[in-house]
Every structure is written in C-alpha cells, then in structure tokens.
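Comments concern the structure below.
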Amino acid sequence: MALPVEEWRLCVARRWAALEPALRERLAAASLHDTLRLGCGLLRPDAEVVALRRLCRRAPAGKEPAAARFYREEGNRLFGRRQYGAAVRLYSQAASHELPGSPEVSVCFANRSAALFHLGRFEVCLEDIARAESHGYPDRLLPKVLLRKAECLLCLGRLQDAGNTLSVVENKIAMDGIMTSAARQTLLKKLSQLKTKIREKESCPEPAREACGDIQRKSEIWEENDSISGASSSLSLNFDIERGRHLVAIQDIHPGQNLLKEEAFVSVLCPGESVLLQDSDETAWDTRVTNADLYCHRCLVQLLASVPCHGCSYAKYCSQNCADVAWEQYHRTECSLGALLLTLGVFCHVALRTVLLAGFAEVSRLVEGSRDNDKDLHNPEARCERPNEAPDTRTGTRGIPGCNDNGQYQSSYQAVFNLLPHAEKHSPEHKFLCVLSVVAICKQLQEAGLEAAVLNRESSEKCSKPEICEKTSGELSPELKIMAEAMLRHVLQLQCNAQAITVMQESGSGDGAVVNKKPVRLATAFFPVLSLLNHSCCPNISVSFSGTAATVRASQPIPSGQEIFHCYGPHRCRMRVAERQQLLSQYFFKCRCQACLDELKSDVKSVVSMRNSFLCPSCRASMQVGEDVLCCSNEACAISVSRESLSRRLQDLQQQIKKALELLKDRKADQAIKMLLKCQTDAGNFLSPKHLLMGEMEDHLAQVYATLGKWQEAARHLKRSIEIVEAHHGPSSVEIGHELFKLAQILFNGFAVSEALSTIQRAEKILSVHCGPQSTQIQELQEMKTCLLELPRSILQRT
C-alpha cells in the first residue's frame, strides 16, 4: 500500500474542504518550504491526531504475549500434523511477539529448531538451538534440544562436535535430580543410538562429495562508467529540455549485455498479498503469511527462520547482523512508529527512512540550498543553461541536476534529492494529504523523545529506550521542520520515481514437481541511477532484482546513439494505447514512444486489440472495437452486442476459473479438470483463440495434469499456452522464458529427454538475456540439464 489507508485519506479530504478558500489557494501555490510551514499548524490534536491514533490501533506492531501464546500453540498443532513449513512460520510469529529476555522466546526458538530439523535444514536448526540457549532455555529441557543438536552435527558430518555435545548431554542427565525415570530412560536410549551412529560413521567414513563444479556460472563482462556510478562504460548521461536527463548508448549493445548494477539507496518492504496457511481456522489472531513474514526487512532475502526485532513485532530479519545494522541505521527511530507507518503507507515510510539514512547534516545542506535557489530546482532546464555552469568539456555532465562538482552522477542522497518532485503538478489535495502525513510522523517522533536520534546526536544505546518528551506542544523544532520538508519532497518524488522491487514468487502450495511462479511486488525503493531511464511502452531493457540490488540488461540490440528505455508499467503487449496513456498520466507526461504513435494512427491496431478481441456469438468472426457497442466484422452477419454484456460474460468466466483453481488447491484435481474444460468450451464461443485468457486456461490445465503425474497431457496444454503467450509478447520475451521454464520441468519429470534438453536450451538463452546467467531459474535449468546428460547413453538414444 503506497498511500495512506482510505480512512485517513477521507479524514484529510474533509479537513481540506473545511479550510478557508484563501488558505487553500495559498497552499496550492506554495513552495515545498511554505507548504510545510503552513501544514505544521493544520494537524489538530483533538481531530486528525485522534483519528490517526484510532486507525493505528488496527495495525498493531508492538509485542503481545497473548498473541505469542496463540501462535506457539498453532505451531504445535501443525507440527503434530507434520506440516513443518507452516509450523516454522507460526513459531516465527510467536517469537516476534514475545518480550525480549523472556524464557518463552527461547521455547519458540527451540520448537522452531525441531520443525527445521524435520525439514532437513540442519545448519539453520543449529542456529535456532544456539538462540534458544542464549535466551535462557530451561535447563531441565536442555538435554532433549542438545540431542537434536548432536543429530544435526552428525548429519552434517561434524562427528567430533557431535561427540562433544553428547558428552555434555550425558553429564546433564547424570546431574539432573528432578527428571523422572521414564524421561531419563528415553534420553539415554536416544543418546546410545547417536553414539552408535557416530562410531559407525567413524569406522566407515562416507566418500567425500564431489564439488558441484559441473554447473559453470558465467562471469559477466563489466566495465564501469567513469561518470555514472554502477553504469556500463557503453552509456552516456545526456540532457535536453524535451527529454530531461537520460541515458544513451555510445556503442552498439547486444542482447543480454549488462548496462547497470545499482544498490537501492533506500528500500522498504511492502506487506504484500496475504496467503492463508493451509488448514488454519478462523481465529482472533491473524495466521496469514505475508511478505513481511517471508523476507528480511533490511536486505530482502527470503526468510526461513527469522530473527525478530527486540522492540516490535513487525520487523523481522535474516540474521542478527541484519537486525543490528538496521537498528543502527534507521530502525531505532522507526521501531516505536510501526503502526503509524503501516497506516500512512509505504511512500511515507520510504521518505522517513531516506532522511534517516542520509543524516541530518546532508539533509539540512540540500534543503537549505534548495530554498536559496527554489526556482531553479523547480526548473532544472534553466539551472543547466546558466552561463557559469556550462557542461564540462571533459565529462559532459557538469551542471546536470544530481551530478557532483566533478560531473559525476552517483547513487547518493544528492542524486535522490535532485529527482523531480513535480510539486507544481500534483493536485493541491494530494499535497495536503502528504504534508499532514509527514507532519504527523515528525510530531510523533518529537513526542516520543526520538528527535535526537533523528538528528544523529545520540548513540543507539542511549536511544534504545526512548523516553516520552515533556514538551508536547504542537510546534515542531526547526531541525525537525527541515527533516519534514525533505520528507515531503521525497513523498512527492515517489509518485514518479518509485521503483518496485519484484521477485518471482511461487504460487500455490509449492509442493508440486512443477513450480509455478509469478512476479510479486516486494518493496518500494529509490534507485537514483535507474531513475534516469525514460519510459517507453516497448522498452529495450529488462530489470531484474537480487535482494536490494537492481540489474539492467539489454533485451534487444541497441545501436550506438539510441536512448535506453525502461517500461514504467504500461506495456504495449498488456494494454491498449488509451489505457496506457491514462496510467502514465500519474508521471505528468504524455507518452510519445513509437508504439503509442503507431497505435494512435487510425490504420494501426495494437497487439492487445488484435489478440484480446471478442468473437461474434453467431458466426464467430471478430467483433469490431466500439465504445459501447461491438459489431460483427462479417458484413453478412452484422450482429451487434453491447460491450457491457460481453464484459459481464468474461467476468463470469473468470469467476468459474477461480473456482476451478480452488478445487485444485483442495486436491480435487478431477473436478478442477472438468470445470476448466467447460470454461474452455464457453470461452471458445465468444473469445478470440489467441485471447490471453485462453492461454491462462491451458496453463492451468497443464498445472492440474502435472499434479496427477500425467506429463504428456500437461506438456500438450502448456505448449498451447506458449503459442498464445508468444503471439502476445514475442518469441524472445521474458514471459516466454518463464513458460519454457515450466515446460522444461514437465518434460524433465516426464522423462522426455531430448525434448527436455532442447527446451532447456531455448529457455536458458531467453532467461539469460533478461535475468542473467546467475539467476535462480538458470541454475535450476542447468541442474536439470546436468542430470539428463548423466543418464546412460542407451537411455539418451531411446528418448
């Protein structure tokens, strides 16, 4: 959720409507500095502040022992049913709600270690056992956990460590005076079994495993640009009045060539779509799994056993190191504001984290500089054309906004600050919403006694337990006003410059032989160098992400002199030109890319219009596009149908497909197949054979047949899906790459060796261009290929 919750937006809208007309006019025309100055006095303690506190209660982010007990009990229940993955998630939830230093949190880690052991994640299991010990796990229960530790060490081949651990267990059992005879006998029996296993392994050591050197990872050729941090030397930073700052190829670029590697200046995890845990019942506590539970809140790597923040229940990390770094850099300030930040949305959260990372000194320098030259910052063209700031003859970039004195454009706070906020183009109502939200955050910081932490004036130790400040008047300090002004600027910038960090996330249960993945928005970030790229509805690059890092690769040949274009979302293959232009209006420009210019001509139809068309219900000829009524293109038929009725029929079909997928989730594959086949028949009566929904149904049928192990049927349907996807997106698109990846899995499992190898080769070629040779999917494809090539030659010849 980028913007604040709807109730807060409505509350602010009512406040805006109640303002005097003269004040509304002043706010509409004000600079960022004046907007902030006026807005500071408009957040009323008895109205908006009270409403915001009420909304925050709906997004609790503090510790709650009652919730911890619930999650631990739910975890125990699922552990007993051998649903170990779900149990791990619930134990993590429980640990995040336990009070720091409480013995209960050690029980959460110990329980989670048991689930991890059953999942075969021995290294992570050992980490959780160490956490349980360090948090004061009860001594009377320790022998059982230490036996688990020994078994993990045994499985990892660390025999001496396993033996040492068993000696500790033996001593503890001998010294324990409370343990019952039955419990002692059970532990001694397990102890004896593990000792025997160690002796067997010592006498018959396992052969050393060969290093996985078969899969060679290609190193990508990279020569960094002298003037643009993280960019290839094949690019140049240019500027003109029409296109602003943009990147241009200064040499011919081939598909797959690396053009940019950039670490986000700042990123904030988006909560994301919720997924219900299997077999979970309706309860008072929320047992859904979201992105907030699945990914590290700092580095965005996927979590297995999270490390919770010691101050809140929301922030979770992949390691104690990530938790400590986040605390030092920004979370010591954000921790107590969790509910407020969740209520005000990701854009406000990004704005706060940006100024915290930059530090007060740098923020103050740039904010005060912008006040001295406010007109030029709102009009960077004028700034760049100053006679005393002519472009540097050596670099050609001096004077371009965001470049330093040496003409270098770096991924820095200065570059972020100089991204255009378009303050004069945002609606007055939106700016008012942003300023009241920013002021609310800064007042909360001041009232919570966190101002010194924001201004980097105290160590993290002194700020770890913030005290309530005695000064609770509505006036912000001058320093916080500077930070608030910068935050307001960043919230406005984000509408045009926010970059979504996406990941390929498994859809469905993830327990099948064929893994179905879809792109999911994981975080919102500032990438100042990536933001230099202008939009095209038919881009010439692909962007992929690894954690908080973005990599840009050429997706097609780019000749020298051609601009590098990114797609901001509306792609020519996904929507018509009118829809694209409407979506792009949020960026305050009208797209004039070649795809839009071509489609705006009366004699050219878009790919979407041609493929995603309706058929005549009578003669099945294509229906001509109309505003409200669609007419059959066959003059002999000339039937007309309202767009509304066809759209309603399409919605009904989509609902039926959704029900079929629910049946599949409930493991009712036969019923799912029957419903999907009926949907196919119905769709064929009014949808074009190349309609994307026809491809989706083929994809779903392939998925169902794969769950039944009917690999030939699955491959047949997926090949039909690939034909439709290729018609829409092209034979070398990333979408085709993902479909070929699924087909490769099906052919691999179906033992169609030669066809699997050729499909793997084609998928590798496409995905390496878009995602790079290091991507997870490429590695999985190479593993499949290695496995197939190691089969006996007689089998390879037969298949």
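Each residue, glycine too, has its Cβ placed from N, Cα and C.
Feature annotation from TrEMBL assigns coiled coil to 643-670. Annotation source TrEMBL lists compositional bias 'Basic and acidic residues' at 371-392. The domain 'SET' annotation in TrEMBL covers 233-569. Among the features that TrEMBL reports, domain 'MYND-type' is placed at 296-335. The region 'Disordered' feature in TrEMBL is assigned to 371-400.
Long-range contacts of the coiled coil (643-670) within the same chain, counting only residues at least 6 positions beyond its ends with a Cβ under 8 Å from a Cβ of the stretch, are 508-509, 614, 623, 626-630, 676, 678-679, 682-683, 686-687, 693, 696-697, 700, 703-704, 707-708.
DSSP assignment over the domain 'MYND-type' (296-335) gives 16 helix, 5 strand, 19 coil.
Tertiary proximity for the domain 'MYND-type' (296-335) is limited to same-chain residues at least six positions away from its ends with a CB under 8 Å from its CB atoms, namely 60-64, 67, 88, 92, 95-98, 100, 112, 116, 121, 124, 127-128, 131, 267, 269, 341-342, 349, 352-353, 356-357, 445, 450, 453-454, 460, 463-464, 501, 522-523, 547-548. Per-residue confidence over the coiled coil (643-670) averages out at a pLDDT of 89.
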